[in-house]
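First the structure, in the form of structure tokens, and then the observations on it.
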Amino acid sequence: MHDKNALLKMPPFTPMLFAGFMMRPVPAFFLKPVAKRVLARMKKLYPEIFSRLAVLENTKFLITPTDLQYCFYLSVEEGQTYIDVGVNDAEHPEFQAAISGPMIDLLKLLEGRVDGDALFFSRALNIEGDTEAVLTLRNAVDSADVSLVDILGGPVPFMKPGFDKLFSKIGSFFEYLEQDFETVHRSILLPITRHMDEIDKELDKSEDRMKKMDKELVRIKASLRKKQQSNHKFVGGMQ
Amino acid sequence: MELVCPAGTPASLRAALDAGADVVYVGFRDETNARNFPGLNFSPEELEESLEKAHDMGRQVYVAINTYPQAGNLEPWYRAVDTAARIGVDAVILADIGLLDYAKRQHPELRRHLSVQASASNPEAINFYHSAFDVQRVVLPRVLTVHEIAELIKEIDVETEVFAFGGMCVMAEGRCSLSSYATGKSPNMNGVCSPASHVEYEQRRGKLVSRLGEFTINSFPNEEAAGYPTLCKGRFVGHTGEPSYLFEEPTSLNVMMLLPELIQAGVKALKIEGRQRGKAYVYQVVSGYRKAIDAAMKGEPVPLMDMGNITEGTRSTAGAYEKNWR
């Protein structure tokens, strides 16, 4: 698969989108060691994920958070899993499967806080390419009780309670922020929504008029047919 | 009433137990169960650990070995039954009469339940399974009304388990080969309906297009909720010229509002479908049904919970349980 634009939908209006704007000056280069460190921690904490992934032979995933400018290349090669970071508007290396969605949903999926099928049904998550590989990845990740707090705060055990509190605060703050963004989003769209509602009402009225005209047409046709039949009978009678 | 819940991984099993499942049902990581999906299911070692955890909490674990053994290749199915018996699971869920016979002869002490895949929906069939293979419970196909279930229970000597929530089939359980026409694999023989290896999704001109094998089976506009890529839930062009759902729409079963009637009918256990779903789904559905069953058993009004976010196509139905089309 080469079509790098295939999965790039309009990003959702979320705080993560603005965080992405602010992070724009940070080159992907600086994020690579962070991603590699996170993967190493995950391998140590959740070996069951990687034993389930090992069945994939040389599979490369493109994982795209739609509200950030970065993307992740996750690859499984000969039983080993690797990660790299790129940017969305660059030419991607060859990949077999692609997953895209808002960053917050991808993180929730990683922690098993949301069901992958549900995200897919609601169209928040897009997948393309090797569906079997995507399912294997989803099931492998879901087989462990992944915790971002444990991944990021685990190296120094006495810091864990502090990390728990910090993450909880950040989580609450982010939820409030998401609600605020939703409100702003709605208010920005309000004039357009109202206009669309008016157009919908007009369309409904037009549809009703069309239906009435259809009925009228059917009635006129039936009455014409009746008249033609009675004319035939009359002409027949004359013969 | 027993709440029987799905788990595709040990983490899902823990989620089900934490959410209040009385029983969790699982499958081995091969074609012997009807959810043979990549990366899913239990190794014997994982099952052993999970069973210990469940028993420590006073709960049970059933193992589904509910596909049909292939001619000339019976070994995986025999091995699955032997392993389940050795580990000491609380029941096996079987469909094939040969396998039921094997289980009865080799492991008479191992409790046997009849899978929905056997499609036993009348007293004669169910009583035969009971007398021939000492089946203790039957999982009823999703084709009966609550009234029919109540009448059936009066005429049989085994416990009944009914589906309460999750995926729907086109009412030909254990008989459906639709998937094999497009992929060569079916749920009955290979444990997979629409195997992922044959499924393809593509974003095309603002639509999500799903394909199974060589067939395009649906095209969802961007704002429309999507469903599973199964042929029975495909949108096809019929005589009208407009694409429409000819068999079944993408929707999930949910009978929460019928709980008092099912209890009244004498149903022994409620089953949640979805071993292929994530632990978030398992936790949400099981918690909801735990509260609903507890309330219904006390004679209190059933607290109806919104499950819209996890249903297929974000819609649900009570299906045949309240059939009103005949």
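Here the Cβ of each residue, glycine as well, is placed from N, Cα and C on the backbone.
TrEMBL: automatically predicted annotations, no manual curation.
Lifted from TrEMBL, the feature list:
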BINDING   B:Cys169, B:Cys176, B:Cys193, B:Cys232  [4Fe-4S] cluster binding site
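Structural mapping of features recorded in TrEMBL.
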residue: B:Cys169; record: [4Fe-4S] cluster binding site; DSSP (3 states): coil
residue: B:Cys176; record: [4Fe-4S] cluster binding site; DSSP (3 states): coil
residue: B:Cys193; record: [4Fe-4S] cluster binding site; DSSP (3 states): coil
residue: B:Cys232; record: [4Fe-4S] cluster binding site; DSSP (3 states): helix
> Taking the Cβ of B:Cys169 ([4Fe-4S] cluster binding site) as centre, how many other Cβ atoms lie within 10 Å?
Replying inline: 24
>> Would you identify which of the binding-site residues B:Cys176, B:Cys193, B:Cys232 has the most other C-beta atoms lying within 10 angstroms of its C-beta?
In response: B:Cys193
> If you take the centroid of the Cβ atoms of B:Cys169, B:Cys176, B:Cys193, B:Cys232, the listed [4Fe-4S] cluster site, which other residues of that chain have their Cβ within 8 Å of it?
Replying inline: B:Val170, B:Ala172, B:Glu173, B:Leu178, B:Ser179, B:Pro187, B:Thr230, B:Leu231
